[in-house]
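Positions annotated as Mg(2+) 1 binding site by Swiss-Prot, on the basis of sequence analysis: Glu90, Asp109, Leu111. Positions annotated as Mg(2+) 2 binding site by Swiss-Prot: Asp109, Asp112, Glu271. Residues annotated as substrate binding site in Swiss-Prot: Asp112, Gly113, Ser114, Ser115, Asn199.
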Amino acid sequence: MDQGQTLSRLLDSYGTDARTRAVAAAVGAIAEASIEISDLIGQGALAGITGAAHGASNADGDVQKDLDVRAEAAIVAALKNVPYAALASEESDTLLMGDPQAPISIAYDPLDGSSNIDTNMTVGTIFSVIPNEPGVAPFTAPGSCQLAAGFVVYGPQTSLVLTLGDGVDIFTLDRAAKTYRLIRERVQVPADTAEYAINASNHRHWEQPVRDFVDECLAGTDGPRAKNFNMRWIGSLVAEAYRILTRGGVFLYPADSRPGYGEGRLRVLYETHPMAFVMEQAGGAASTGRERVLDVVASTTHQRSPLIMGSSDKVHRIVELHLDPAAASRTAPLFGRRGLFRT
């Protein structure tokens with residue numbers, strides 16, 4: 001693709017059959033809705049946008065913010081002419097059913113991280129497009145079946161990260177032209193970055209494998225990884241993912257012992273599946289700690305899952321620690337500064 005090529009031009013040339021045309025239509029519609037959402041976020045209180053609760057609760061039990069509701073409305077309106085069988089939204093208790101013969105279904109989180117609005121932090125939109133098989137219940141396939149996935153980051157610039165199953169491209173919103181333009185193509189997760197992201201305040205609730213990995217990072221040059229690490233925690237899934245695509249590293253949102261966190265906190269259909277698809281398409285990896293995220297099959301619309309994503313070597317190390325409890329003690333003396341291979 002040419003640098004600066006518009007997203008609409010890419011989508012116009014994508015696919016020749018009904019399913020791929022529907023994928024292009026869905027991505028284009030979500031992109032159009034995201035421009036409206038970006039404008040609303042940019043105006044903030046001037047447009048009546050705040051992080052104040054709207055009063056109702058969404059399907060996840062979170063109190064909806066005003067912008068959650070408006071973002072949901074924008075996406076539903078944008079998708080009205082897209083041939084879909086079902087929509088699964090973070091903001092809806094039930095599926096929104098369309099044409100059962102349509103070639104695709106779509107899952108999305110219209111505004112991920114809306115609690116960040118009042119503090120002027122990054123928020124985003126996440127989406128996943130999957131094939132629909134008439135006669136088969138929607139959203140019952142593993143994440144590896146996704147046709148397209150991506151997310152929009154509403155930050156200093158509004159950027160759209162997209163995979164159509166053949167690599168990852170990043171587009172940035174040209175506000176004057178109200179269109180997305182390509183800025184990076186065939187993005188690859190940097191392999192060797194000394195950064196990890198986790199909410200360290202929950203240390204006492206983590207499983208031992210997570211503690212072991214973080215302890216390895218904290219040990220720095222004296223530890224088994226033989227390098228100093230920086231910890232990042234933005235509290236915004238889309239921002240964490242964008243940073244990893246740009247700088248590498250690993251993000252952990254594990255299951256833990258707190259009530260309601262035993263299966264993780266992020267939702268499979270519209271958070272962990274699309275993020276995992278993007279990461280793998282960019283040469284990274286994504287796991288629950290014990291299972292590849294793209295092998296997970298959701299049994300309910302809002303099923304939760306742990307998510308560990310980023311540079312493959314770090315994700316694989318965390319998986320090793322989960323699957324082999326002896327891995328932590330076996331590795332530490334071999335590679336530490338004062339271990340077998342260092343003096």
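Just so it is clear, glycine is given a Cβ too, placed from its N, Cα and C backbone atoms.
Quantities reported herein were computed from a predicted structural model and do not represent experimental measurements.
Swiss-Prot feature annotations superimposed on the structure.
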{"residue": "Glu90", "record": "Mg(2+) 1 binding site", "DSSP class": "coil"}
{"residue": "Asp109", "record": "Mg(2+) 1 binding site", "DSSP class": "strand"}
{"residue": "Ser114", "record": "substrate binding site", "DSSP class": "helix"}
{"residue": "Asn199", "record": "substrate binding site", "DSSP class": "coil"}
{"residue": "Glu271", "record": "Mg(2+) 2 binding site", "DSSP class": "helix"}
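Cβ neighbour counts within 10 Å, taken over all protein chains shown, single out Asp109 as the most crowded of the binding-site residues Glu90, Asp109, Glu271. Glu271 (Mg(2+) 2 binding site) and Leu111 (Mg(2+) 1 binding site) have their C-alpha atoms 11 Å apart, to the nearest angstrom. The Mg(2+) 2 site, placed at the center of the C-beta atoms of Asp109, Asp112, Glu271, has further neighbours from the same chain whose C-beta lies within 8 angstroms: Glu90, Tyr108, Gly113, Gly124, Thr125, Ile126, Phe151, Leu237, Val238, Leu266, Arg267, Tyr270. The Cβ of Gly113 (substrate binding site) lies under 8 Å from the Cβ of Met121, Thr122, Val123, Gly124, Gly235, Ser236, Leu237, Val238, Ala239, each of which sits 6+ residues away along the same chain. Residue density at Asp112 (Mg(2+) 2 binding site): 27 other Cβ atoms are found within 10 A of its Cβ, drawing on all protein chains shown. When the record's substrate-binding residues Asp112, Gly113, Ser114, Ser115, Asn199 are compared pairwise by CA position, the greatest distance found is 18 Å.
Take the mean position of the Cβ atoms of Glu90, Asp109, Leu111, the recorded Mg(2+) 1 site; other residues of that chain with a Cβ within 8 Å of it are Asp68, Ala71, Glu72, Ser89, Glu91, Tyr108, Pro110, Asp112, Ser114, Thr125, Ile126, Tyr270.
Ranked by Cβ neighbours within 10 A across all protein chains shown, the binding-site residues Ser114, Ser115, Asn199 are led by Ser114.
Cα separation, Leu111 (Mg(2+) 1 binding site) to Asn199 (substrate binding site), rounded: 21 Å. Rounded to a whole number, the C-alpha distance linking Asn199 (substrate binding site) with Asp112 (Mg(2+) 2 binding site) is 17 angstrom.
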